[in-house]
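What follows is one structure encoded as structure tokens, with my remarks underneath.
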Amino acid sequence: MAYILPGSSLDADLYAITDDALSFNRSVIEVVKQLLDAGIRIIQYREKNKSSNSMLKDCITIKKLTEEANACFIVNDHVDIAVLCNADGVHLGQDDLPVDKVRELIGKEKIIGLSTHSPQQAQKAIEMGADYIGVGPLYPTKTKKDVCEPVTISYLDWVVSHIAIPFVAIGGIKQHNIQEVIQHGAKCCALVSEILSAPNIPLRIQELRQAILLAHT
């Protein structure tokens, strides 16, 4: 098992992110249940086309499910919803509220992750007190419309060599390239469409974990 935050609840090899639009008409709650049953222990709630009230209802339910499974629950962007549902943490983008200000709102016990796309952003994330960073997008991706150009494996190599805090590799990671990501030093990989769009989510997760094991041999 790979560690993102040793000794904390944020501890896993795969980091799953929700997206209703990619879930084959399965509800986000159904998807989360399948993820947890398949052994996923970090789930980020990222929904762009729902009302705040709908997102809060989802997150209250997901928090209960993840708590029962001893899994970590992260809310994307919405600090208010993260606080109201008592999520384990929040994940921020470069254009979201500053990490240090969010820390004042959610407290020292909660996890704050920050997406980064360059060495400068990674270093600033550390200075501002992020608990972990997202590293990517490593490959082309259509999951997010407002994503920057791929930072490529070279940025991952830089992070592995220079950054001491935990990080999550993300962006265009698939079954066919996850071994490359692991071999370049990533301990945790975030995936969206590769998991959510699979007809059989537990089977896809099993296949991904087999690929990760092969990367270590």
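Cβ atoms are placed via backbone N, Cα and C, with glycine included.
Source: prediction; values computed, not measured.
Here Swiss-Prot flags Q44, Y45, R46, E47, K48, N76, S115, K144 as 4-amino-2-methyl-5-(diphosphooxymethyl)pyrimidine binding site, drawing on sequence analysis. Here Swiss-Prot flags D77, D96 as Mg(2+) binding site, drawing on sequence analysis.
Structure with Swiss-Prot features highlighted.
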residue	record	DSSP (3 states)
Q44	4-amino-2-methyl-5-(diphosphooxymethyl)pyrimidine binding site	strand
N76	4-amino-2-methyl-5-(diphosphooxymethyl)pyrimidine binding site	strand
D96	Mg(2+) binding site	coil
S115	4-amino-2-methyl-5-(diphosphooxymethyl)pyrimidine binding site	strand
Restricting to the same chain and to sequence separations of six or more, state which residues have a Cβ under 8 Å from that of R46 (4-amino-2-methyl-5-(diphosphooxymethyl)pyrimidine binding site).
I17, T18, D19, N76, D77, H91, V192
Which ones in the same chain are close to Y45 (4-amino-2-methyl-5-(diphosphooxymethyl)pyrimidine binding site), with CB under 8 Å and 6+ residues apart in sequence?
T18, V28, M55, D58, C59, I62, F73, I74, V75, N76, A87
Calculate the distance in Å between the alpha carbons (Cα) of D96 (Mg(2+) binding site) and Q44 (4-amino-2-methyl-5-(diphosphooxymethyl)pyrimidine binding site), and round it to a whole number.
16
What are the non-local neighbours of S115 (4-amino-2-methyl-5-(diphosphooxymethyl)pyrimidine binding site), defined as same-chain residues 6+ apart in sequence with CB under 8 A from its CB?
H91, L92, G93, Q94, I133, G134, G136, I170
